[in-house]
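Here is the structure we will look at, set down as structure tokens.
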Amino acid sequence: MLKKIVGLTAGLAFALGAAGAANAQYPERAVTIVVPFSAGGNSDVIARIVADHMSGELGQPVVVENRGGGGGTVGASMVAGAEPDGYTLLLATAGTHSVNPGLRDVGYDPIEDFDPISVAVISSVLLVVHPSVEAETAEELIELTSSGEGQFNYASGGIGTVAHVAGELYNEMTGSQLVHVPYQGAGAALNDVVAGRIHVYMNNIPAILTHVRSGALRPLALAADERSNLLPDVPTTGEVGLEGFEMGSWFGIVAPAGTPDEAVTRLHEAMASMKDSEKVKERLEAVGSEVAVSESPEVFGEYMREQLSWWADVLDNPAFRE
Amino acid sequence: MENIALGLEMALTVENLVACFAGVFIGTAIGVIPGIGAMAAIALLLPMTFALDPTTGIVMLAGVYYGAEYGGSTASILLNLPGTPSNAITCLDGYPMAKAGRADTALFMTTIASFVGGSIGIVVLSLLTPAIVQVAKAFGPAEYFALILFCFVAVSTVGGADPKRNFAMVAIGALLGTVGVDIYDGVDRYTFGSHYLIDGIGLVPVAMGLFGLSEIIMSVRAGSHRVRHRVSFVSMLPTGQEWRRSALPMVRGALAGCFFGPLPGTGPSVAAIVSYANEKKLSKRPQEFGHGAIEGLAAPEASNNAAVQTAFVPTLALGIPGTPTMAIMIGALMIHGIVPGPLFISQEPQLFWGLVMSFWIGNVFLLLLNIPLIGLWVSFLNIPYRLLYPSIVILICVGSYSINNSVADVLVMLVVGVAGYVLRLHGFMPAPLLIGFVLSPMLEENFRRAMIMGRGDPTYLLSSHISAGALVLAGLLILSVVAGEPLRRRIAAARKRERATDNSNVTDDTQPGARKTP
């Protein structure tokens with residue numbers, strides 16, 4: 001009974017508050033984007049570029065707050081439980097919203113607990129080899145790895161990461177036996193990749209672009225349906241006979257479920273103009289990314305659901321379970 | 001030469017000088033507060049640098065980074081409060097010096113050692129960058145495994161007098177280090193279903209609880225015996241003998257630092273641990289270590305500051321961050337559209353050399369900044385304990401919390417602190433636990449990776465000169481400890497017997513060494 005009264009009063013207060021707020025234009029104060037990873041990582045860099053653009057559009061500061069831990073689950077859980085007033089947002093990633101929920105109990109529902117705003121960046125997986133590997137093209141690599149006895153290694157930043165899943169998919173599709181060598185994060189893997197102890201590496205473009213440009217690694221194929229402007233000479237996986245081998249990571253902005261429509265619309269508008277901004281384009285390209293804005297929050301929601309079920313299917317493979 | 005001129009031109013502009021000074025100043029100030037280390041400071045300042053020119057921004061962030069390494073030793077020496085594992089090594093002899101009323105000398109020597117270490121690190125960095133890149137690349141899992149195993153054996157002498165107790169503490173540290181998701185199988189280890197424990201137990205809460213909190217509980221229990229601290233420039237100067245004792249350890253420490261700094265994952269902490277153990281082995285007075293031996297302070301301090309400088313090599317020249325802090329530095333550059341990596345030095349020579357030259361300038365700033373501050377820091381010790389101790393406890397809590405804004409980290413710190421106190425009461429020293437905690441996860445990770453790469457063949461570990469060499473050295477070291485100790489005892493016992501026959505008043509039975517000989 002008491003609960004009901006409290007609930008009712010709270011509801012009433014909220015309604016009154018919302019009515020009061022409707023008079024003022026959202027946003028009235030600084031908006032926070034929670035990045036569920038530590039500062040300086042790829043997610044953080046993307047979040048800061050997006051935040052910088054949104055500050056200009058919204059006329060209020062957009063602040064990035066890093067809440068690392070639990071592979072992104074700590075920060076994501078925090079936003080899932082935050083006040084849905086449009087002032088606390090989350091930089092959602094493939095990790096927090098597509099992959100982790102399929103691997104473990106993360107403490108939040110990636111779909112039900114969040115209102116989508118828009119995707120910001122979609123990075124496709126690039127297949128590279130160390131120059132010591134005798135394969136100039138993806139076809140040659142497939143022939144080499146599928147006939148061998150499994151003398152080749154591939155690296156990943158851990159179980160269930162994009163690089164790991166890509167490697168297992170490659171093994172399955174080509175009948176190869178690349179051996180998985182996990183690392184504590186993609187940065188740690190790079191040293192052995194560049195030194196040639198790891199022969200094949202499949203990860204998002206930003207993680208490896210600089211090494212491809214310097215010639216330290218040889219790019220063979222891009223796991224996307226079309227070629228990237230960043231590497232126009234690299235064929236897609238479909239072109240080299242790996243149809244359906246399309247995957248990557250996404251980074252987008254979501255709000256806690258129940259955020260007022262007005263705020264969602266306003267935030268989506270602020271993000272949509274990123275695709276016309278030369279500055280955003282330049283800054284993202286420098287880190288090996290391209291802008292990808294959703295047409296509407298609903299389209300982003302649909303994309304998130306698709307990605308979640310795609311990953312759930314892929315991860316239903318014993319290689320990713322204990 | 002050309003590069004140095006280019007770098008100086010860049011580093012000596014007014015805005016870069018100001019940025020450098022601001023960086024080292026903030027770094028020192030923040031480094032002094034335990035727990036709020038370089039990483040938190042850089043993460044906080046990062047957004048501020050967006051408005052600056054990339055070089056100026058990075059010069060400032062780098063200043064914060066090595067400035068914090070200087071400042072970090074202050075709290076370790078004065079209050080036994082280490083913010084990082086390398087600072088925990090500073091505690092071992094720095095804090096006993098402070099307790100003996102020589103805090104000013106300890107801080108002075110630390111500043112000098114940091115300067116010497118930093119300078120040697122910069123020289124190595126400017127002359128040997130391409131070679132360092134090659135060395136870093138040559139280190140694969142087998143090499144890391146062998147090197148860390150060697151370190152493990154080498155540091156076995158650090159800790160209390162009882163080897164069995166030290167060994168037990170290393171084992172506890174190793175077990176604590178296994179908590180979290182196993183990266184090879186994705187299996188949760190000892191997480192008890194908690195999201196907090198998925199990433200493992202944090203290093204800073206463990207270090208601060210183990211050293212800082214347990215020390216405070218010990219002091220409260222010990223009562224209010226205290227030394228009055230007075231500082232003058234003369235009193236802080238080390239004696240001629242102390243200079244002589246510290247000179248070589250500083251150089252050796254710096255060289256070890258230069259070596260470990262660029263190796264991803266090891267960096268300043270392993271450098272400090274190894275140089276401390278090394279000096280203890282080489283010293284003619286190993287029994288003074290842990291009771292205020294000045295070389296036990298000078299060597300690790302020179303070492304971690306050298307490592308901090310050379311750690312920039314893989315970060316900038318390979319784009320591979322050795323530590324989380326370096327990952328933020330990379331992020332800071334990327335936000336400015338500059339991507340560190342193999343092309344960085346050739347594409348951005350003015351940035352690279354400007355940065356290196358700013359390190360020199362920054363180190364001079366730090367020297368000038370820190371020596372006058374010694375008096376101020378030491379005077380904090382004269383604050384009555386009833387005010388000082390609660391403030392320290394608050395500092396420790398804030399420091400633990402601020403790493404990840406996590407209350408769980410504070411709880412871990414409290415639990416570890418109380419456990420550390422109980423263990424110390426029974427003669428178990430904290431340093432071996434921390435060493436086990438830092439080194440054993442690296443050892444396991446690299447061993448298993450080497451086994452995957454070698455397809456389960458143990459001889460893979462011997463496949464390179466580096467790893468084979470390190471393993472042989474580790475073996476010899478074990479042999480010298482295992483075989484050397486009984487041998488020494490036997491010789492000592494034989495001498496005692498000789499003397500006993502000379503002087504019938506002394507009997508064999510009173511000598512513990514003699515009793516063990518068959």
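Cβ coordinates are placed from backbone N, Cα and C, and glycine is handled just like the others.
Marked as domain 'DUF112' by TrEMBL: B:17-434.
As annotated by TrEMBL, region 'Disordered' applies to B:494-518.
A Cβ distance under 8 Å defines the sequence-distant neighbours of the transmembrane segment (B:16-46), meaning residues of its chain 6+ beyond its ends; these are 10, 52, 55-57, 59-72, 74-76, 79, 81-84, 87, 204, 208, 212, 324-325, 328-329, 331-332, 335, 354, 358, 361-362, 365-366, 369-370, 373, 377, 395-396, 398-400, 402-403. Taken from TrEMBL, the feature transmembrane segment applies to B:16-46 (among others).
Feature annotation from TrEMBL assigns transmembrane segment to B:106-132 (among others).
Annotated transmembrane segment per TrEMBL: B:144-160 (among others), in sequence order.
Marked as transmembrane segment by TrEMBL: B:167-184 (among others). Sequence-remote contacts of a segment are chain residues at least 6 beyond its ends whose Cβ falls under 8 Å from one of its Cβ atoms, and for the transmembrane segment (B:167-184) they are 156, 159, 190-191, 197-201, 206, 423, 428-438, 440-441, 444-445, 448, 452.
Feature annotation from TrEMBL assigns transmembrane segment to B:196-220 (among others). Within the chain, the transmembrane segment (B:196-220) has long-range Cβ neighbours (under 8 A, six or more residues past its boundaries) at 34-35, 37, 76, 79-85, 87-88, 91, 95, 176-177, 179-181, 188, 190, 385, 389, 392-393, 396, 399-400, 403-404, 406, 408-410, 412-421, 423-424, 430, 433-434, 437-438, 441.
According to TrEMBL, the feature transmembrane segment maps to B:326-345 (among others).
Outside the transmembrane segment (B:351-380) by six or more residues, the chain places 3-4, 6-12, 16-17, 20-21, 23-25, 28, 32, 54-55, 58-59, 62-63, 66-67, 70, 74, 78, 103-104, 107-108, 111-112, 114-115, 118-119, 122, 125-126, 229, 231, 236, 309, 312, 316, 338, 344-345, 388 with a CB less than 8 A from a CB of the stretch. For B:351-380 (among others), the entry in TrEMBL reads transmembrane segment.
Residues or ranges marked as transmembrane segment by TrEMBL: B:387-404 (among others).
Same-chain residues lying 6 or more positions outside the transmembrane segment (B:410-439) and placing a CB less than 8 Å from one of its CB atoms are 85, 88-89, 92, 148, 151-152, 155, 158-160, 162, 165-174, 176-177, 201-203, 205-214, 217-218, 269-270, 273, 290, 396-397, 400-401. Summarising the annotation, TrEMBL assigns transmembrane segment to B:410-439 (among others).
Summarising the annotation, TrEMBL assigns transmembrane segment to B:460-483 (among others).
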Close approaches to the transmembrane segment (B:460-483) from elsewhere in its chain (Cβ under 8 angstroms; 6 or more beyond its ends)
138-140, 142-143, 145-147, 149-150, 152-154, 156, 450-451, 453-454
Distant-in-sequence neighbours of the transmembrane segment (B:144-160), which means Cβ under 8 A and at least six residues beyond its ends
92, 166-167, 169-170, 263, 265-266, 270, 273-274, 276-278, 280-281, 286, 290, 427-429, 431-432, 435, 439-440, 442-443, 446-447, 450, 461, 466-471, 473-474, 477-478, 481
Sort out the residues at least 6 away from either end of the transmembrane segment (B:387-404), same chain, that have Cβ-Cβ distances under 8 Å to it, and list them.
33-36, 39-40, 79, 81, 83, 202, 204-205, 208-209, 212-213, 216, 219-220, 380-381, 410, 412-413, 417
